[in-house]
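TrEMBL annotations:
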| type | residues | note |
| --- | --- | --- |
| DOMAIN | B:103-315 | domain 'ABC transmembrane type-1' |
| REGION | B:1-36 | region 'Disordered' |
| TRANSMEM | B:47-70 | transmembrane segment |
| TRANSMEM | B:107-128 | transmembrane segment |
| TRANSMEM | B:140-161 | transmembrane segment |
| TRANSMEM | B:181-200 | transmembrane segment |
| TRANSMEM | B:235-257 | transmembrane segment |
| TRANSMEM | B:293-316 | transmembrane segment |
Amino acid sequence: MSTEVLRRRPRRSARTKAQPVVALVLVAVLVGLPMWLVVVTAGKPQGEALTPNLDLPSQWQLLDNVREVWTRGRIPSGFFGSVLVMVPSVLGVLLLGSMGAWILARRSKRRYAVLYAAAISGIVLPPAVVTVVLLLRQLGLAGTAIGMIGVYMGIYMSTVIFFVTGFIRTIPLELEEAARVDGARPLTVFVRVILPLLRPVLATATILICLYVWNDVFYAFFVLGGRLDTLPLNLFQVASAGLYLNNWHLIFTYVVLMSLPLLIVFVVAQRKIISGITSGAVK
Amino acid sequence: MATEHETVAGAAPGQPAPDGLPPGGSGGKVSRTTSAERRERAAHPGWFLAPALVVMVVFFFVPTVFNFVYAFTDWSSFKSEINPVGFDNFVELADSGTLFASLRITVVYAVLVAIFQNVFGLILAVLLERDTRLNRFARAAFFIPVLMSALAVGYIFQAFLKPEGALNALIGALVGHEVTTAWLGSTTWTIVVVALIHAWKWMGLSMLIYMAGLKTMPGDVLEAARIDGASPWKAFWAIRFPLLAPAVTFSVATALLGSMNGFDVVQATTEGGPARTTEILNIFIYRTFGQGLFAQATTMSLVLFLMVALFAFPVIKILRRREEIL
(Lines of atoms letter the chains of each structure in order from A and count residues from 1; the text may use other names and numbers.)
(Lines give C-alpha, C1' and ligand atoms only; values in the text may rest on other atoms or scores of the structure.)
Protein backbone atom coordinates (compact mmCIF):
# COMPACT_ATOMS: atom_id res chain seq x y z
CA MET A 1 0.00 0.00 0.00
CA SER A 2 2.86 2.36 0.73
CA THR A 3 4.08 1.96 -2.84
CA GLU A 4 0.57 2.87 -3.98
CA VAL A 5 0.73 6.10 -2.05
CA LEU A 6 4.20 6.86 -3.34
CA ARG A 7 3.10 6.24 -6.88
CA ARG A 8 0.12 8.54 -6.54
CA ARG A 9 1.94 11.45 -4.92
CA PRO A 10 3.55 13.04 -7.96
CA ARG A 11 0.37 12.90 -10.03
CA ARG A 12 -1.69 14.50 -7.29
CA SER A 13 0.76 17.27 -6.74
CA ALA A 14 0.98 17.93 -10.48
CA ARG A 15 -2.77 18.29 -10.49
CA THR A 16 -2.80 20.60 -7.51
CA LYS A 17 -0.06 22.68 -9.07
CA ALA A 18 -1.87 23.02 -12.38
CA GLN A 19 -5.22 23.89 -10.83
CA PRO A 20 -4.49 27.52 -9.86
CA VAL A 21 -3.00 28.20 -13.30
CA VAL A 22 -6.01 26.72 -15.09
CA ALA A 23 -8.40 28.61 -12.83
CA LEU A 24 -6.64 31.91 -13.39
CA VAL A 25 -6.47 31.48 -17.16
CA LEU A 26 -10.17 30.61 -17.30
CA VAL A 27 -11.11 33.65 -15.23
CA ALA A 28 -8.93 35.90 -17.38
CA VAL A 29 -10.25 34.60 -20.70
CA LEU A 30 -13.90 33.91 -19.89
CA VAL A 31 -14.68 36.79 -17.56
CA GLY A 32 -11.71 39.12 -17.83
CA LEU A 33 -11.80 39.66 -21.59
CA PRO A 34 -15.47 40.67 -21.90
CA MET A 35 -15.22 42.88 -18.80
CA TRP A 36 -12.06 44.50 -20.13
CA LEU A 37 -13.90 45.26 -23.37
CA VAL A 38 -16.69 46.96 -21.42
CA VAL A 39 -14.40 49.07 -19.27
CA VAL A 40 -12.00 50.27 -21.97
CA THR A 41 -14.84 51.03 -24.39
CA ALA A 42 -16.70 52.94 -21.70
CA GLY A 43 -13.60 55.12 -21.33
CA LYS A 44 -13.19 55.95 -25.01
CA PRO A 45 -14.27 58.92 -27.11
CA GLN A 46 -16.86 58.12 -29.77
CA GLY A 47 -14.42 57.89 -32.67
CA GLU A 48 -12.30 55.22 -31.02
CA ALA A 49 -15.35 53.22 -29.92
CA LEU A 50 -16.95 52.88 -33.35
CA THR A 51 -15.57 49.36 -33.68
CA PRO A 52 -15.11 48.21 -30.10
CA ASN A 53 -11.73 46.56 -29.52
CA LEU A 54 -9.49 45.67 -26.62
CA ASP A 55 -7.09 48.61 -27.02
CA LEU A 56 -6.76 51.09 -24.22
CA PRO A 57 -8.35 54.47 -24.93
CA SER A 58 -5.83 57.08 -26.11
CA GLN A 59 -7.21 59.21 -23.31
CA TRP A 60 -9.71 58.19 -20.64
CA GLN A 61 -12.93 60.13 -20.75
CA LEU A 62 -15.12 57.88 -18.67
CA LEU A 63 -16.45 60.82 -16.66
CA ASP A 64 -17.49 62.73 -19.78
CA ASN A 65 -19.30 59.61 -21.01
CA VAL A 66 -20.99 59.19 -17.65
CA ARG A 67 -22.15 62.78 -17.79
CA GLU A 68 -23.59 62.30 -21.28
CA VAL A 69 -25.32 59.01 -20.46
CA TRP A 70 -26.64 60.46 -17.22
CA THR A 71 -28.87 62.92 -19.10
CA ARG A 72 -29.43 61.19 -22.45
CA GLY A 73 -30.12 57.82 -20.87
CA ARG A 74 -32.25 59.32 -18.09
CA ILE A 75 -30.24 57.48 -15.45
CA PRO A 76 -31.74 59.24 -12.42
CA SER A 77 -35.35 58.56 -13.35
CA GLY A 78 -34.46 55.01 -14.44
CA PHE A 79 -32.75 54.36 -11.14
CA PHE A 80 -35.68 55.82 -9.23
CA GLY A 81 -38.17 53.71 -11.21
CA SER A 82 -36.13 50.54 -10.73
CA VAL A 83 -35.95 51.07 -6.98
CA LEU A 84 -39.60 52.08 -6.78
CA VAL A 85 -40.61 48.80 -8.40
CA MET A 86 -38.01 46.45 -6.93
CA VAL A 87 -38.24 47.26 -3.21
CA PRO A 88 -42.01 46.78 -2.73
CA SER A 89 -42.03 43.75 -5.06
CA VAL A 90 -39.31 41.96 -3.12
CA LEU A 91 -40.60 42.86 0.35
CA GLY A 92 -44.18 42.01 -0.62
CA VAL A 93 -43.42 38.71 -2.25
CA LEU A 94 -41.21 37.63 0.65
CA LEU A 95 -43.78 38.50 3.30
CA LEU A 96 -46.87 37.13 1.56
CA GLY A 97 -44.96 34.11 0.27
CA SER A 98 -43.63 33.24 3.73
CA MET A 99 -47.07 33.58 5.30
CA GLY A 100 -48.55 31.28 2.70
CA ALA A 101 -45.64 28.86 2.87
CA TRP A 102 -46.09 28.50 6.63
CA ILE A 103 -49.64 27.28 6.14
CA LEU A 104 -48.73 25.08 3.19
CA ALA A 105 -45.93 23.48 5.18
CA ARG A 106 -47.99 22.84 8.31
CA ARG A 107 -51.48 21.96 7.12
CA SER A 108 -51.68 18.40 5.99
CA LYS A 109 -55.03 18.01 4.26
CA ARG A 110 -55.09 16.92 0.67
CA ARG A 111 -56.58 20.31 -0.25
CA TYR A 112 -53.35 21.99 0.83
CA ALA A 113 -51.24 19.59 -1.21
CA VAL A 114 -53.25 20.65 -4.26
CA LEU A 115 -52.90 24.33 -3.33
CA TYR A 116 -49.16 23.81 -2.91
CA ALA A 117 -48.85 22.31 -6.38
CA ALA A 118 -50.74 25.30 -7.79
CA ALA A 119 -48.69 27.76 -5.74
CA ILE A 120 -45.35 26.48 -7.02
CA SER A 121 -46.48 26.02 -10.62
CA GLY A 122 -45.23 29.53 -11.42
CA ILE A 123 -41.64 28.34 -11.03
CA VAL A 124 -41.88 26.67 -14.40
CA LEU A 125 -44.93 28.06 -16.18
CA PRO A 126 -44.25 31.19 -18.23
CA PRO A 127 -46.33 34.27 -17.36
CA ALA A 128 -48.90 35.34 -19.96
CA VAL A 129 -47.19 38.59 -20.91
CA VAL A 130 -49.65 39.75 -23.55
CA THR A 131 -52.91 39.20 -21.74
CA VAL A 132 -51.55 40.58 -18.49
CA VAL A 133 -51.43 43.92 -20.29
CA LEU A 134 -55.11 43.57 -21.14
CA LEU A 135 -55.96 42.72 -17.54
CA LEU A 136 -53.94 45.65 -16.19
CA ARG A 137 -55.73 48.00 -18.60
CA GLN A 138 -59.07 46.75 -17.31
CA LEU A 139 -57.87 47.30 -13.74
CA GLY A 140 -56.49 50.73 -14.62
CA LEU A 141 -53.00 49.60 -13.61
CA ALA A 142 -51.28 49.45 -17.03
CA GLY A 143 -48.07 51.45 -17.06
CA THR A 144 -48.11 52.01 -13.31
CA ALA A 145 -45.64 50.97 -10.65
CA ILE A 146 -48.41 49.17 -8.75
CA GLY A 147 -49.26 47.06 -11.79
CA MET A 148 -45.60 46.20 -12.30
CA ILE A 149 -45.18 45.31 -8.61
CA GLY A 150 -48.23 43.05 -8.77
CA VAL A 151 -46.93 41.29 -11.87
CA TYR A 152 -43.48 40.70 -10.36
CA MET A 153 -45.07 39.42 -7.15
CA GLY A 154 -47.31 37.09 -9.15
CA ILE A 155 -44.34 35.77 -11.12
CA TYR A 156 -41.93 35.21 -8.21
CA MET A 157 -44.42 34.15 -5.51
CA SER A 158 -43.90 30.53 -6.55
CA THR A 159 -40.15 30.73 -6.09
CA VAL A 160 -40.54 32.09 -2.56
CA ILE A 161 -43.21 29.58 -1.60
CA PHE A 162 -41.14 26.69 -2.95
CA PHE A 163 -37.97 27.62 -1.05
CA VAL A 164 -39.68 28.68 2.18
CA THR A 165 -42.10 25.73 2.42
CA GLY A 166 -39.21 23.30 2.10
CA PHE A 167 -37.34 25.20 4.79
CA ILE A 168 -40.26 25.42 7.24
CA ARG A 169 -40.77 21.68 7.06
CA THR A 170 -37.31 21.29 8.61
CA ILE A 171 -38.28 23.50 11.58
CA PRO A 172 -39.55 21.36 14.44
CA LEU A 173 -43.18 21.97 15.35
CA GLU A 174 -42.21 22.01 19.03
CA LEU A 175 -40.70 25.47 18.65
CA GLU A 176 -44.13 26.78 17.71
CA GLU A 177 -45.89 24.73 20.36
CA ALA A 178 -43.81 26.29 23.11
CA ALA A 179 -44.96 29.77 22.13
CA ARG A 180 -48.53 28.57 21.67
CA VAL A 181 -48.67 27.07 25.14
CA ASP A 182 -47.72 30.51 26.43
CA GLY A 183 -50.89 31.78 24.78
CA ALA A 184 -49.40 33.29 21.61
CA ARG A 185 -51.80 33.73 18.70
CA PRO A 186 -50.93 32.53 15.17
CA LEU A 187 -49.81 36.00 14.05
CA THR A 188 -47.50 36.28 17.04
CA VAL A 189 -46.12 32.80 16.49
CA PHE A 190 -45.43 33.63 12.84
CA VAL A 191 -43.75 36.96 13.52
CA ARG A 192 -41.85 35.98 16.67
CA VAL A 193 -40.93 32.36 16.01
CA ILE A 194 -41.10 31.53 12.31
CA LEU A 195 -39.94 34.71 10.56
CA PRO A 196 -36.64 35.02 12.48
CA LEU A 197 -35.82 31.39 11.69
CA LEU A 198 -36.43 31.99 7.99
CA ARG A 199 -33.58 34.48 7.68
CA PRO A 200 -31.15 32.30 5.71
CA VAL A 201 -33.71 31.13 3.17
CA LEU A 202 -35.21 34.61 2.82
CA ALA A 203 -31.74 36.01 2.23
CA THR A 204 -31.23 33.59 -0.66
CA ALA A 205 -34.63 34.37 -2.12
CA THR A 206 -33.99 38.10 -1.79
CA ILE A 207 -30.76 37.84 -3.77
CA LEU A 208 -32.31 35.83 -6.57
CA ILE A 209 -35.46 37.94 -6.89
CA CYS A 210 -33.58 41.24 -6.69
CA LEU A 211 -31.40 39.92 -9.49
CA TYR A 212 -34.36 39.03 -11.68
CA VAL A 213 -36.35 42.19 -11.03
CA TRP A 214 -33.43 44.62 -11.27
CA ASN A 215 -32.36 43.19 -14.62
CA ASP A 216 -35.77 42.48 -16.12
CA VAL A 217 -36.62 44.12 -19.41
CA PHE A 218 -39.11 41.71 -20.99
CA TYR A 219 -41.99 41.99 -18.50
CA ALA A 220 -41.29 45.67 -17.90
CA PHE A 221 -41.56 46.33 -21.63
CA PHE A 222 -45.07 44.88 -21.76
CA VAL A 223 -46.38 46.16 -18.45
CA LEU A 224 -44.86 49.63 -18.30
CA GLY A 225 -44.98 50.39 -22.01
CA GLY A 226 -42.57 53.30 -21.65
CA ARG A 227 -44.70 55.11 -19.10
CA LEU A 228 -42.28 54.52 -16.24
CA ASP A 229 -38.50 54.43 -16.60
CA THR A 230 -36.41 51.57 -15.27
CA LEU A 231 -32.68 51.18 -15.86
CA PRO A 232 -32.80 48.12 -18.17
CA LEU A 233 -35.79 49.54 -20.04
CA ASN A 234 -33.90 52.78 -20.68
CA LEU A 235 -30.86 50.85 -21.88
CA PHE A 236 -33.07 48.80 -24.16
CA GLN A 237 -34.92 51.79 -25.57
CA VAL A 238 -31.90 53.90 -26.31
CA ALA A 239 -29.92 50.97 -27.71
CA SER A 240 -32.70 49.81 -30.01
CA ALA A 241 -33.90 53.29 -30.96
CA GLY A 242 -30.69 53.82 -32.89
CA LEU A 243 -29.86 56.79 -30.74
CA TYR A 244 -26.85 54.88 -29.48
CA LEU A 245 -26.10 53.21 -32.80
CA ASN A 246 -22.35 53.28 -33.17
CA ASN A 247 -22.22 54.81 -29.72
CA TRP A 248 -20.70 51.78 -28.05
CA HIS A 249 -18.87 54.01 -25.58
CA LEU A 250 -22.24 55.23 -24.28
CA ILE A 251 -23.86 51.78 -24.25
CA PHE A 252 -20.99 50.37 -22.23
CA THR A 253 -20.89 53.35 -19.90
CA TYR A 254 -24.56 52.66 -19.30
CA VAL A 255 -23.82 48.97 -18.69
CA VAL A 256 -21.17 49.89 -16.13
CA LEU A 257 -23.48 52.31 -14.30
CA MET A 258 -26.41 49.91 -14.33
CA SER A 259 -24.37 46.96 -13.05
CA LEU A 260 -22.63 48.93 -10.30
CA PRO A 261 -25.33 48.79 -7.59
CA LEU A 262 -25.60 44.97 -7.68
CA LEU A 263 -21.82 44.62 -8.05
CA ILE A 264 -21.18 46.79 -5.01
CA VAL A 265 -23.67 44.83 -2.93
CA PHE A 266 -22.04 41.63 -4.17
CA VAL A 267 -18.48 42.74 -3.33
CA VAL A 268 -19.54 43.82 0.16
CA ALA A 269 -21.58 40.71 0.98
CA GLN A 270 -19.84 38.25 -1.35
CA ARG A 271 -19.22 35.44 1.12
CA LYS A 272 -22.73 35.55 2.49
CA ILE A 273 -24.32 35.64 -0.95
CA ILE A 274 -22.36 32.71 -2.32
CA SER A 275 -22.80 30.58 0.79
CA GLY A 276 -26.46 31.61 0.95
CA ILE A 277 -27.15 30.42 -2.57
CA THR A 278 -25.06 27.30 -2.06
CA SER A 279 -26.90 26.25 1.09
CA GLY A 280 -30.22 27.33 -0.39
CA ALA A 281 -29.67 25.02 -3.32
CA VAL A 282 -28.98 22.06 -1.06
CA LYS A 283 -32.10 22.62 1.03
CA MET B 1 -46.83 12.69 9.35
CA ALA B 2 -48.46 13.85 6.18
CA THR B 3 -49.97 10.51 5.36
CA GLU B 4 -51.39 10.06 8.82
CA HIS B 5 -53.43 13.20 8.44
CA GLU B 6 -54.28 12.64 4.85
CA THR B 7 -56.13 9.48 5.77
CA VAL B 8 -58.21 11.53 8.17
CA ALA B 9 -61.20 10.50 6.13
CA GLY B 10 -64.75 11.30 7.01
CA ALA B 11 -64.75 15.06 7.34
CA ALA B 12 -65.33 16.57 3.94
CA PRO B 13 -62.91 19.32 2.95
CA GLY B 14 -64.11 22.73 4.05
CA GLN B 15 -66.47 21.35 6.68
CA PRO B 16 -65.68 22.33 10.23
CA ALA B 17 -64.81 19.39 12.42
CA PRO B 18 -67.84 18.12 14.31
CA ASP B 19 -67.87 19.74 17.68
CA GLY B 20 -68.85 18.24 20.98
CA LEU B 21 -67.17 14.89 20.50
CA PRO B 22 -65.44 14.17 23.75
CA PRO B 23 -61.76 13.50 23.19
CA GLY B 24 -61.03 9.82 23.42
CA GLY B 25 -64.75 9.04 23.23
CA SER B 26 -66.37 6.04 21.62
CA GLY B 27 -65.09 6.75 18.13
CA GLY B 28 -61.57 6.87 19.55
CA LYS B 29 -59.53 7.14 16.37
CA VAL B 30 -61.79 9.51 14.47
CA SER B 31 -62.25 12.00 17.27
CA ARG B 32 -58.56 12.02 18.06
CA THR B 33 -57.64 12.90 14.50
CA THR B 34 -60.35 15.51 14.12
CA SER B 35 -59.29 17.26 17.29
CA ALA B 36 -55.72 17.19 16.02
CA GLU B 37 -57.05 18.65 12.83
CA ARG B 38 -58.90 21.33 14.74
CA ARG B 39 -55.74 22.22 16.59
CA GLU B 40 -53.86 22.31 13.33
CA ARG B 41 -56.42 24.68 11.87
CA ALA B 42 -56.44 26.97 14.90
CA ALA B 43 -52.65 27.14 14.97
CA HIS B 44 -52.23 27.65 11.23
CA PRO B 45 -55.28 29.53 9.99
CA GLY B 46 -55.93 29.35 6.27
CA TRP B 47 -56.26 33.11 5.87
CA PHE B 48 -52.49 33.41 6.12
CA LEU B 49 -52.39 31.86 2.69
CA ALA B 50 -55.05 34.12 1.21
CA PRO B 51 -52.97 37.22 0.27
CA ALA B 52 -50.39 35.13 -1.60
CA LEU B 53 -53.12 33.27 -3.46
CA VAL B 54 -54.99 36.46 -4.33
CA VAL B 55 -51.84 38.00 -5.83
CA MET B 56 -51.12 34.83 -7.80
CA VAL B 57 -54.68 34.51 -9.05
CA VAL B 58 -54.99 38.13 -10.14
CA PHE B 59 -51.56 38.63 -11.68
CA PHE B 60 -50.67 35.11 -12.80
CA PHE B 61 -53.60 32.74 -13.20
CA VAL B 62 -56.20 35.15 -14.63
CA PRO B 63 -53.86 36.36 -17.43
CA THR B 64 -53.09 32.71 -18.15
CA VAL B 65 -56.81 31.96 -18.45
CA PHE B 66 -57.13 35.03 -20.71
CA ASN B 67 -54.48 33.42 -22.93
CA PHE B 68 -56.88 30.58 -23.62
CA VAL B 69 -59.61 33.06 -24.54
CA TYR B 70 -57.89 35.78 -26.56
CA ALA B 71 -55.84 33.36 -28.67
CA PHE B 72 -59.15 32.57 -30.35
CA THR B 73 -60.08 36.19 -31.15
CA ASP B 74 -59.02 38.91 -33.59
CA TRP B 75 -57.84 41.26 -30.82
CA SER B 76 -55.57 43.92 -32.32
CA SER B 77 -54.64 47.56 -31.98
CA PHE B 78 -56.34 48.39 -35.28
CA LYS B 79 -59.93 48.15 -34.12
CA SER B 80 -61.79 48.50 -30.88
CA GLU B 81 -64.06 45.45 -30.88
CA ILE B 82 -62.81 41.93 -30.29
CA ASN B 83 -64.51 39.03 -32.09
CA PRO B 84 -64.05 35.31 -31.75
CA VAL B 85 -62.39 33.72 -34.78
CA GLY B 86 -61.97 30.11 -33.69
CA PHE B 87 -58.68 28.51 -34.65
CA ASP B 88 -57.84 31.07 -37.37
CA ASN B 89 -54.76 32.40 -35.58
CA PHE B 90 -53.31 28.92 -35.16
CA VAL B 91 -54.08 27.97 -38.76
CA GLU B 92 -52.49 31.18 -40.04
CA LEU B 93 -49.35 30.73 -37.96
CA ALA B 94 -49.08 27.07 -38.91
CA ASP B 95 -49.59 27.78 -42.61
CA SER B 96 -46.93 30.46 -42.71
CA GLY B 97 -44.52 28.00 -41.08
CA THR B 98 -43.82 30.45 -38.26
CA LEU B 99 -45.42 28.30 -35.59
CA PHE B 100 -43.26 25.24 -36.07
CA ALA B 101 -40.13 27.21 -36.92
CA SER B 102 -40.39 29.19 -33.68
CA LEU B 103 -41.20 26.07 -31.68
CA ARG B 104 -38.25 24.18 -33.13
CA ILE B 105 -35.87 27.11 -32.58
CA THR B 106 -37.05 27.53 -28.99
CA VAL B 107 -36.55 23.86 -28.15
CA VAL B 108 -33.13 23.73 -29.85
CA TYR B 109 -32.09 26.89 -28.02
CA ALA B 110 -33.29 25.61 -24.64
CA VAL B 111 -31.58 22.24 -25.05
CA LEU B 112 -28.31 23.84 -26.16
CA VAL B 113 -28.37 26.29 -23.25
CA ALA B 114 -29.14 23.51 -20.76
CA ILE B 115 -26.23 21.42 -22.06
CA PHE B 116 -23.65 24.23 -22.22
CA GLN B 117 -24.64 25.86 -18.96
CA ASN B 118 -24.51 22.61 -17.01
CA VAL B 119 -21.33 21.26 -18.57
CA PHE B 120 -19.53 24.56 -17.89
CA GLY B 121 -21.06 24.82 -14.43
CA LEU B 122 -20.03 21.30 -13.49
CA ILE B 123 -16.48 21.74 -14.79
CA LEU B 124 -16.13 25.00 -12.86
CA ALA B 125 -17.56 23.46 -9.69
CA VAL B 126 -15.10 20.56 -9.80
CA LEU B 127 -12.20 22.82 -10.74
CA LEU B 128 -12.88 25.39 -8.01
CA GLU B 129 -14.05 22.98 -5.34
CA ARG B 130 -11.18 23.31 -2.85
CA ASP B 131 -11.60 26.23 -0.50
CA THR B 132 -8.55 28.32 -1.34
CA ARG B 133 -8.26 32.10 -1.64
CA LEU B 134 -7.76 31.90 -5.37
CA ASN B 135 -10.77 29.63 -5.82
CA ARG B 136 -12.99 31.93 -3.81
CA PHE B 137 -11.87 34.80 -6.04
CA ALA B 138 -12.54 32.73 -9.18
CA ARG B 139 -16.02 31.74 -7.96
CA ALA B 140 -16.84 35.38 -7.34
CA ALA B 141 -15.55 36.28 -10.81
CA PHE B 142 -17.73 33.67 -12.50
CA PHE B 143 -20.71 34.94 -10.54
CA ILE B 144 -20.38 38.46 -11.98
CA PRO B 145 -22.16 37.58 -15.26
CA VAL B 146 -25.06 36.15 -13.21
CA LEU B 147 -25.47 39.55 -11.56
CA MET B 148 -25.38 41.47 -14.81
CA SER B 149 -28.42 42.22 -16.90
CA ALA B 150 -28.88 39.70 -19.69
CA LEU B 151 -29.48 42.60 -22.03
CA ALA B 152 -26.10 44.09 -21.13
CA VAL B 153 -24.47 40.70 -21.63
CA GLY B 154 -26.04 40.52 -25.07
CA TYR B 155 -24.69 43.95 -26.08
CA ILE B 156 -21.24 43.06 -24.77
CA PHE B 157 -21.07 39.97 -26.94
CA GLN B 158 -22.61 41.70 -29.93
CA ALA B 159 -19.66 44.07 -29.79
CA PHE B 160 -17.18 41.31 -28.94
CA LEU B 161 -18.23 39.07 -31.84
CA LYS B 162 -18.50 41.68 -34.62
CA PRO B 163 -16.69 40.68 -37.83
CA GLU B 164 -14.20 43.48 -37.18
CA GLY B 165 -14.49 43.01 -33.42
CA ALA B 166 -12.28 42.01 -30.55
CA LEU B 167 -12.52 38.21 -30.82
CA ASN B 168 -11.51 38.16 -34.47
CA ALA B 169 -8.65 40.54 -33.71
CA LEU B 170 -7.42 38.15 -31.00
CA ILE B 171 -7.72 35.09 -33.21
CA GLY B 172 -6.06 37.01 -36.03
CA ALA B 173 -3.14 37.83 -33.78
CA LEU B 174 -2.82 34.15 -32.84
CA VAL B 175 -3.01 32.67 -36.34
CA GLY B 176 -1.08 35.50 -37.96
CA HIS B 177 -3.54 36.69 -40.59
CA GLU B 178 -6.74 38.68 -40.59
CA VAL B 179 -9.93 36.91 -39.50
CA THR B 180 -13.38 38.33 -40.28
CA THR B 181 -15.77 35.60 -39.21
CA ALA B 182 -19.30 36.93 -38.72
CA TRP B 183 -20.01 35.00 -35.52
CA LEU B 184 -23.60 36.20 -35.41
CA GLY B 185 -24.20 36.06 -39.16
CA SER B 186 -24.67 32.36 -39.90
CA THR B 187 -28.18 31.05 -40.42
CA THR B 188 -27.03 27.67 -39.08
CA TRP B 189 -24.59 28.37 -36.27
CA THR B 190 -25.73 31.66 -34.78
CA ILE B 191 -28.26 29.88 -32.58
CA VAL B 192 -25.39 27.89 -31.07
CA VAL B 193 -23.34 31.04 -30.48
CA VAL B 194 -26.29 32.79 -28.80
CA ALA B 195 -26.95 29.71 -26.65
CA LEU B 196 -23.28 29.80 -25.61
CA ILE B 197 -23.67 33.44 -24.57
CA HIS B 198 -26.81 32.61 -22.57
CA ALA B 199 -24.96 29.72 -20.92
CA TRP B 200 -21.97 32.00 -20.20
CA LYS B 201 -24.26 34.36 -18.31
CA TRP B 202 -25.78 31.66 -16.11
CA MET B 203 -22.96 29.13 -15.69
CA GLY B 204 -21.95 30.76 -12.39
CA LEU B 205 -25.30 29.83 -10.90
CA SER B 206 -25.02 26.21 -12.07
CA MET B 207 -21.50 26.20 -10.63
CA LEU B 208 -22.87 27.15 -7.20
CA ILE B 209 -25.62 24.54 -7.39
CA TYR B 210 -23.09 21.82 -8.25
CA MET B 211 -20.73 23.02 -5.56
CA ALA B 212 -23.54 22.67 -3.05
CA GLY B 213 -24.09 19.13 -4.32
CA LEU B 214 -20.39 18.27 -4.10
CA LYS B 215 -20.28 19.51 -0.51
CA THR B 216 -22.81 16.91 0.58
CA MET B 217 -20.47 14.09 -0.52
CA PRO B 218 -19.58 11.68 2.24
CA GLY B 219 -15.82 11.98 2.57
CA ASP B 220 -15.32 8.43 3.84
CA VAL B 221 -16.77 6.90 0.66
CA LEU B 222 -14.31 8.82 -1.47
CA GLU B 223 -11.49 7.92 0.86
CA ALA B 224 -12.47 4.25 0.59
CA ALA B 225 -12.47 4.49 -3.19
CA ARG B 226 -9.06 6.12 -3.11
CA ILE B 227 -7.64 3.39 -0.88
CA ASP B 228 -9.13 0.78 -3.20
CA GLY B 229 -7.02 2.34 -5.92
CA ALA B 230 -9.69 4.10 -7.96
CA SER B 231 -8.28 6.85 -10.15
CA PRO B 232 -9.69 10.34 -9.48
CA TRP B 233 -11.37 10.21 -12.89
CA LYS B 234 -13.04 6.91 -12.16
CA ALA B 235 -13.96 7.94 -8.62
CA PHE B 236 -15.66 11.03 -9.99
CA TRP B 237 -17.83 9.22 -12.52
CA ALA B 238 -18.55 6.16 -10.37
CA ILE B 239 -19.22 7.85 -7.03
CA ARG B 240 -19.49 11.59 -7.11
CA PHE B 241 -21.47 12.10 -10.29
CA PRO B 242 -24.33 9.72 -9.36
CA LEU B 243 -24.57 11.42 -5.97
CA LEU B 244 -24.89 14.75 -7.78
CA ALA B 245 -28.14 13.58 -9.39
CA PRO B 246 -30.45 15.93 -7.45
CA ALA B 247 -28.25 18.93 -8.29
CA VAL B 248 -28.19 17.90 -11.94
CA THR B 249 -31.97 17.60 -12.12
CA PHE B 250 -32.48 20.94 -10.46
CA SER B 251 -29.91 22.80 -12.53
CA VAL B 252 -30.90 21.21 -15.85
CA ALA B 253 -34.60 21.82 -15.22
CA THR B 254 -34.13 25.48 -14.33
CA ALA B 255 -31.79 26.05 -17.28
CA LEU B 256 -34.14 24.31 -19.70
CA LEU B 257 -37.30 26.07 -18.60
CA GLY B 258 -35.56 29.40 -18.03
CA SER B 259 -34.15 29.51 -21.54
CA MET B 260 -37.46 28.46 -23.11
CA ASN B 261 -38.76 31.66 -21.60
CA GLY B 262 -35.65 33.56 -22.71
CA PHE B 263 -35.65 36.91 -24.49
CA ASP B 264 -32.97 39.41 -23.48
CA VAL B 265 -29.83 37.67 -24.73
CA VAL B 266 -31.30 36.89 -28.15
CA GLN B 267 -32.83 40.34 -28.53
CA ALA B 268 -29.58 42.09 -27.65
CA THR B 269 -27.36 39.96 -29.91
CA THR B 270 -29.40 39.14 -33.02
CA GLU B 271 -32.99 40.39 -32.55
CA GLY B 272 -34.03 37.01 -33.93
CA GLY B 273 -31.87 37.16 -37.07
CA PRO B 274 -30.21 36.37 -39.36
CA ALA B 275 -33.26 35.50 -41.46
CA ARG B 276 -35.25 34.79 -38.28
CA THR B 277 -33.16 31.70 -37.53
CA THR B 278 -32.83 32.65 -33.86
CA GLU B 279 -36.41 33.87 -33.43
CA ILE B 280 -37.47 32.07 -30.26
CA LEU B 281 -41.11 32.36 -29.17
CA ASN B 282 -40.68 35.37 -26.90
CA ILE B 283 -38.92 37.31 -29.68
CA PHE B 284 -41.88 36.60 -31.94
CA ILE B 285 -44.30 37.66 -29.19
CA TYR B 286 -42.38 40.88 -28.62
CA ARG B 287 -42.24 41.67 -32.34
CA THR B 288 -45.90 40.98 -33.15
CA PHE B 289 -47.04 42.80 -30.00
CA GLY B 290 -45.07 45.82 -31.17
CA GLN B 291 -46.88 45.61 -34.52
CA GLY B 292 -50.23 45.72 -32.72
CA LEU B 293 -51.12 42.12 -33.65
CA PHE B 294 -52.16 41.26 -30.11
CA ALA B 295 -54.10 38.11 -30.98
CA GLN B 296 -51.13 36.55 -32.80
CA ALA B 297 -48.86 37.46 -29.90
CA THR B 298 -51.36 35.89 -27.48
CA THR B 299 -51.55 32.76 -29.61
CA MET B 300 -47.79 32.30 -29.47
CA SER B 301 -47.85 33.05 -25.76
CA LEU B 302 -50.37 30.22 -25.39
CA VAL B 303 -48.17 27.94 -27.50
CA LEU B 304 -45.21 28.73 -25.24
CA PHE B 305 -47.34 28.06 -22.19
CA LEU B 306 -48.51 24.69 -23.52
CA MET B 307 -45.02 23.66 -24.52
CA VAL B 308 -43.49 24.57 -21.17
CA ALA B 309 -46.40 22.93 -19.33
CA LEU B 310 -45.70 19.76 -21.29
CA PHE B 311 -42.12 19.81 -20.01
CA ALA B 312 -43.11 21.17 -16.62
CA PHE B 313 -45.33 18.42 -15.27
CA PRO B 314 -42.55 15.87 -15.08
CA VAL B 315 -40.25 18.58 -13.72
CA ILE B 316 -42.63 19.58 -10.90
CA LYS B 317 -42.96 15.92 -10.03
CA ILE B 318 -39.20 15.62 -9.78
CA LEU B 319 -38.91 18.79 -7.70
CA ARG B 320 -41.54 17.56 -5.28
CA ARG B 321 -40.01 14.11 -5.03
CA ARG B 322 -36.67 15.73 -4.32
CA GLU B 323 -38.26 17.67 -1.51
CA GLU B 324 -39.78 14.57 0.04
CA ILE B 325 -36.34 12.97 0.19
CA LEU B 326 -34.90 15.94 2.07
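In case you wondered, yes, glycine gets a Cβ from its N, Cα and C as well.
The transmembrane segment (B:47-70) shares more Cβ pairs under 8 Å with B:293-316 than with any other stretch in the list B:140-161, B:181-200, B:235-257, B:293-316. The list of residues near the transmembrane segment (B:293-316) in space but at least 6 beyond its ends in sequence, with Cβ under 8 angstroms from a Cβ of it, reads 64, 66-68, 70-71, 73-77, 85, 89-90, 92-93, 99, 102-103, 106-107, 253, 256-257, 260-261, 281-282, 284-285.
Within the chain, the transmembrane segment (B:140-161) has long-range Cβ neighbours (under 8 A, six or more residues past its boundaries) at 124, 128, 167, 183-184, 193, 197-198, 200-205, 207-208, 262, 264-269. Cβ atoms under 8 Å from those of the transmembrane segment (B:181-200) belong to residues 105, 108-109, 112-113, 116-117, 120, 145, 150, 153-154, 157-158, 161, 163, 167-168, 171, 255, 259, 262, 265-266, 269-270, 273-275, 277-278 of the same chain, restricted to positions at least 6 beyond its ends.
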